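J.: First the structure, then my questions, so here it is.
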Amino acid sequence: MVEGGHALSGQVHISGAKNSAVALIPAAILSDYPVTVDNLPLISDVEILSDLLQYIGADVDLNGEAITIDPREISPMPLPNGHVKKMRASYYMMGAMLGKFKEAEIGLPGGCNLGPRPIDQHIKGFEALGAFVSNEQGSIYLRANELRGARIYLDVVSVGATINIMLAAARAKGRTVIENAAKEPEIIDVATILSSMGAVIKGAGTDVIRIEGIEELQGCAHTIIPDRIEAGTYMITAATMGREVTIENIIPDHLESLTAKLQEMGVEVVAKDDAMVVRSHTNLKGVDIKTLVHPGFPTDLQQPATALLAKANGTSIITDTIYNARFKHIDELRRMGADIKVEGRSAMVNGGIKLEGARVKASDLRAGASLVIAGLFAEGITEISGVHHIDRGYEAFEDKLIGLGARLWREEMTDEEQEQLKSS
Ligand SMILES: CC(=O)N[C@H]1[C@@H](OP(=O)(O)OP(=O)(O)OC[C@H]2O[C@@H](n3ccc(=O)[nH]c3=O)[C@H](O)[C@@H]2O)O[C@H](CO)[C@@H](O)[C@@H]1O
Ligand SMILES: C=C(OP(=O)(O)O)C(=O)O
């Protein structure tokens, strides 16, 4: 439940990046010794992965923001569909287990339902490294006599395929070159941990990555980079309702595309060394936004940004070139009174209309964030169901917002309400 209309101010501390954490935890099993990862976000995706590692025999010590993974007793057990389906990044267990054991059996991943999310480029990469891959009854089987470095050109720039190939290649014989690789900061984070374990990786953060595989990888300690999407979500929230909000523990360079758009809208954004100060204004101007691969505007901020555009004056067009069906939040924003039309991969937002609290449903993680933001500036109470999606990627979302002066709380649903939600 979100009660709208309360101005926000103060500081909010940003957690470690979800999209790094979910790759670094599987990466740890490539080592033959304990690996510690720090600045871990306390989110359900991390808990699920940590359960998966324990299931295959790893000794996992999850202690607040730090996780120590001792992979010495793990075995290549088939990974059950149940847990794997709860999140997208369980697909990194394919690259990690293939690298470690030269075999893996794992259910197809779940995660946010953003329209089709194929993994053909992951498979193409594994096959190029020498794996035989088959898809039987919803599970992927991977086997290799040996993994050999290869030159792999990605037909689509894919974060997941780039990282998955890096994981398997870290223990392949010889050199792997990934061309047309994704350049997201989380890819550099994965390269950093693999390098700390002893693999030689060059070019992460550019579109050509070279990996020299190593037979045995060492243990190491690694600190996760800050979550630029969580930070961006609070920047957008502050732009709608903030007097002055400081977003702390971030890397401002990772947020340049959002900063530029907020400034174009009339929001004051000042970058400090590891923080951003955001001051909103009552008269925000609509802008056009197009999501692109990094360093372009991130698709993961498209849904939160749509809520902001509904508040800004004038017409805005927001186009998602990465996921052209990532618009399930729009119908819900409309229930709150927003005037938004979806045409193809774009949403036309006629902004400046007062929103009113309503009963809405979060269909995925960032849709949930978008609806909370809208609820914060709408009149009255917004009741959001499906908030378990939010827990996949935002640590202590309510507490952090309450710390800024927002009013929101959770209420348990009755059995009847849960049934209604499932069937709607
Ligand atoms: C856990 C994680 O890090 N999730 C992020 C990751 O998802 P994910 O790794 O799934 O996204 P990708 O970068 O792979 O997807 C980008 C585009 O490539 C397409 N594609 C991808 C792989 C493939 O084999 N074939 C193919 O066609 C996808 O359908 C999509 O249109 O990057 C997305 C794009 O920045 C983000 O929204 C997600 O938050
Ligand atoms: C789409 C997202 O996550 P995932 O790929 O884990 O589903 C996201 O973080 O917005």
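A Cβ is built for glycine as well, from the same backbone N, Cα and C atoms used for every other residue.
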J.: Among ILE67, ILE69, ILE322, which residue shares the UDP-N-acetyl-alpha-D-glucosamine site with ARG88, ARG117, PRO118, ILE119, ASP120, GLN121, ASP300 according to TrEMBL?
T.: ILE322
J.: Using a 10 angstroms cut-off on Cβ to Cβ distances, just flag whichever of LYS18, ARG88, ARG117 is the loneliest among these binding-site residues.
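T.: Fewest other Cβ atoms within 10 Å, among the binding-site residues LYS18, ARG88, ARG117, is found for ARG117.
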J.: Tell me which recorded positions (LYS18, ARG88, CYS112) have a Cβ under 6 A from ligand 1; sequence order is fine.
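T.: If the test is a Cβ under 6 Å from any atom of ligand 1, the answer is ARG88.
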J.: Could you say which of the binding-site residues ASP120, ASP300 has its Cβ with the most other Cβ atoms inside 10 Å?
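T.: Sorting the candidates by Cβ neighbours within 10 Å, the top entry is ASP300.
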J.: With the Cβ atom as the reference point and anything under 6 Å counting, tell me which of the binding-site residues (ILE119, ASP120, ASP300) are near ligand 2.
T.: ASP300
J.: Once the chains shown are all counted, how many other Cβ atoms turn up within 10 Å of the Cβ of PRO118 (UDP-N-acetyl-alpha-D-glucosamine binding site)?
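T.: Result for PRO118 (UDP-N-acetyl-alpha-D-glucosamine binding site): 10 other Cβ atoms within 10 Å.
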J.: Rounded to the nearest Å, what's the C-alpha distance separating ASP300 (UDP-N-acetyl-alpha-D-glucosamine binding site) and CYS112 (active site, proton donor)? Just drop the number here, would you?
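T.: A Cα-Cα distance of 11 Å.
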J.: What is the separation, in Å, between the Cα atoms of LYS18 (phosphoenolpyruvate binding site) and ILE322 (UDP-N-acetyl-alpha-D-glucosamine binding site)?
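T.: Taking the Cα atoms only, LYS18 (phosphoenolpyruvate binding site) lies 19 Å from ILE322 (UDP-N-acetyl-alpha-D-glucosamine binding site).
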